[in-house]
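Structure first, then comments.
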Amino acid sequence: MRIQTMILGCAFLAICIIGSSNAACDEPDKCTPEECEDPANAAEESCAENPDDNPSNPDDDPSNPDDNPSNPDDNPSNPDDNPSNPDDNPSNPDDNPSNPDDNPSNPDDNPSNPDDNPTNPDDNPNNPSNPSNPSGGVEATTAANNGGSGSNAQKSPRRLSNSSVQALPEGRRHLMDLDEGDLFMELIRDVANELDIDVLCHKILVNVGLLTHADRGSLFLAKGTPNNKYLVAKLFDVTQKTALKDAVTRARAEEIIIPFGIGIAGMVAQTKEMINIKEAYQDVRFNCEIDQKTGYKTNAILCMPICNYEGDIIGVAQIINKTNGCMEFDEHDVEIFRRYLTFCGIGIQNAQLFEMSVQEYRRNQILLNLARSIFEEQNNLECLVTKIMTEARELLKCERCSVFLVDLDCCEESHLEKIIEKPHQQEQRTMRAIKGGDSFEEQQKMRNRFTVLFELGGEYQAANVSRPSINELSHSTLAQIAQFVSTTGQTVNICDVHEWVRDHNQIRDSEIDSTHAILCMPIVNAQKTVIGVAQLINKANGLPFSESDVSIFEAFAIFCGLGIHNTQMYENACKLMAKQKVALECLSYHATASQDQTEKLTQDPIAEAESYNLYSFTFTDFDLVDDDTCRAVLRMFMQCNLVSQFHIPYDVLCRWVLSVRKNYRPVKYHNWRHALNVAQTMFAMLKTGKMERFMTDLEILGLLVACLCHDLDHRGTNNAFQTKTESPLAILYTTSTMEHHHFDQCVMILNSEGNNIFQALSPEDYRCVMKTVESAILSTDLAMYFKKRNAFLELVENGEFDWQGEEKKDLLCGMMMTACDVSAIAKPWEVQHRVAKLVADEFFDQGDLEKLQLNTQPVAMMDRERKDELPKMQVGFIDVICLPLYRVLCDTFPWITPLYEGTLENRRNWQDLAEKVEMGLTWIDHDTIDKPVEEFAGCADEEIKDIEFTVTTLNCNQQSQSQSQSQSQSQHGGDDIHTPEHQRSSGSRLSIKKTGALGKVVRSKLSKTLYNSMDGSKPKTSLKLLESHVSEDMDDKSPTSPSQPHSGSVGRMSASSSTSSAGTVDKTKKRSKLCALL
């Protein structure tokens, strides 16, 4: 659009200027033959040049009707030529000088008047009625003879000289018929639409030669930076006969560079003023070297600037020697030259814009190829940098290219601090040539250490990779410049290296002798940290690097930085992967069971399943030693016929079981024994619950493996804790964090040498069993259970009996895994409450960590301060998760009813305990929940005159007797009955006399713990029993009532009295309940 706009403006401006060009020779009498070529110069020349007077011209042939006297156009009797004809009669106002139509001052005859404009049909030479029409030559003569003085009759437009006509190629011979105005317009059209800069410059020089009758011309284009401008000869010494190809080839073969201010063209470029020289050899600015080489003698020179629309110099045009016999370029030539170059400036700028767009497209293609190479070559830094340097050398046409890589680990602290203090310095990308000053010397004190140097020389030279030493870097000028760039982060463009070396007192080494220009730029990564320096040396044409080169190189450096950074990251990743592989090998060695353990387990006899109680839903591992747990696992695999069915080597199976046990951490609940209990429940569901008939052998294998591995490497914390602490596991797995980790650990063990129990499976079976294992382990996340539960319930409620579909089988296996994972809730009470204590302790440990590390209040079930609420929370857990699951499973598979019934029984026990806690009991500080009475408190609004506490330590045989004795003492009311001395010899007695409000809390600070050994040698359970006797002084005026527990006192046992009969009945019931407890 911009180019089209300029072309339209160009055409409009041409129309406005053409009229004034015709006025150059309005007074031919004042023109010398040298100044103006018209028919009055010489007979031969006039005859040769003017086709109207040529005898061979049909216009002058007597037989030609236009020149024949009998021709009515030339006949005196013809009214057009007759003096009496008003058109030719002097008295005719049209030809009368006094007639305003012919008066030069008349605007109708003014060259700028459109009525006299060559494009105006009244003044157009081609118009037969116009006196200047060549075909009307006789008419013009007749008019003159009849006294017509009109200036129009004397106008003779300038035409091409004979020499210029002879120089025209065949395709441009039509120009000889045009006068100067039409020729000017035609030559403007000739260049208006040309966008090839070479063709355009050639046309400009040829056309200027035609307009000014110049022998030859040259055109220079401005190049360089604002501080270093120079002219480059685009085309030089172009004549009318010089072909475009020859002119371009010669200009490129011998490139002529002229700095601004040097020579005639340089002065014109610097001053923007025209220079017209009559005698070139008498001007000191003229350089005669070209004449001496070519043998051509330059006489007259006309040199004029070419500016763009902003007035900036974009080139200089120069024409030499006149061809029409004139010794110099006159004012008319200067004016024509100036006007034509005005349009040429617009055309040159359009062509340059077009050339820039083409170059930009090519550069983008090169950058895209570079980007493609970067992403294709990311595993080898040397190959990548070699490709980058090759592309840079081809793009910017330089002789050599180097890349220095920085060792970031060796950066000095002061430099790092400077980067932190002034980060904007790393973002600055300014091009400047290093001049004087202390900046370079100051920056040498803060150096980055270069570790690798890549160098690429000529086109046929291979890349050189070296690791320069500090000594080599300190004695290399190029390395010193690279050090400066890496330290400051600035782009450096040195136009004259030798001058720079002198200014900075650097020692000239051999590599500097052949260096004249250097472009050096930092290479940064995504964090704007300098990771290297790219250095270009010497433009191929000997010129300094331009501003355009800097811009291109900056984009190139960005791609270079991305490629090097990515490749370095890839190499680091490869190193980390190698380290990880070594670490996994070490981990695998230490995580795998030893050979001695494997051989021992392999040789141990394996008892029958009944001896381990594997078929029962009441299985417990409390009585099993660690080796027995491994044997029990082996027996389950044998009973399911998995060893022979899938050809599992027995020693591999033994090693795998021992390795799985070894990879469980010694946390309080989620340990190896929990995994054993889950696997045993699955085994019981398959065998006793008869669910194996719905499973394939491969699925049974996968489910047993998943049960044993479902909590591998458990840390005693849940998924929420991993997320809150932003642990590496939470970063690695965003959902089901621990479950994904458990599966990965399972895979790691299977991949360890000698542990792959799936080694005999086919690829298809292997994929199938691993899919089962993964899905089953992930199903142990309760979040997954809640997602799948509704779909499973819907299938069961619809009476589904076919579980062979892939989705339905996945649902069923997921529900079975959850049922096995929480199966401790269905164990006998003596097992269940011990397991609940272990779970609570692990939860409380996590709650303590949350308080310590996160400074947050944990949820109730993990808050140690709310330990007495655990029975109530257990009831909620059963109601929300366990009972619905076991109920729906029993509805479909009635053989697993024991799980449902055991859960119901334990719910009643937990509910009972929860009610006791509400009455004032606490239990969590004990190892077991047997008789969890700990504290006793008085009740408000009552007076206690004498409260006596007796704390007695009992054994198991004394327990029931103590309970009955306590009940008896409570029934006696205020009698002070003491335990016999021989029954409390192992205990202690504390009597407290207290008067005052009953709301005062009185606690027993003394307690003894009895460890009852079930086998007579090892403590198994502990019991605290507080035996109390309350004696009250009877007041004659106030009735007394037995002490009752206070329902509003949580964790305490209180004594109270009431005068209300209704309250007495209610308290009596609570008293009875308390007595039953004791």
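Using the three backbone atoms N, Cα and C, a Cβ is placed for every residue, glycine included.
Per Swiss-Prot, divalent metal cation 1 is bound by HIS674, HIS710, ASP711; the candidate from ASP549, ASP821, ASP841 named for the same site is ASP821. Under the three-state DSSP scheme, HIS710 (divalent metal cation 1 binding site) falls in the coil class.
The Cβ centroid of HIS674, HIS710, ASP711, ASP821 marks the divalent metal cation 1 site; residues of that chain outside this set whose Cβ lies within 8 Å of it are HIS670, ALA675, VAL678, CYS707, HIS714, THR780, given in sequence order. Each of the binding-site residues ASP711, ASP821 was assessed for Cβ neighbours inside 10 Å, and the highest tally belongs to ASP711. Sequence-distant neighbours of HIS710 (divalent metal cation 1 binding site) (same chain, 6+ apart, CB under 8 A from its CB) are ALA675, VAL678, GLU739, HIS742, ALA776, ILE777, THR780, MET817, ASP821.
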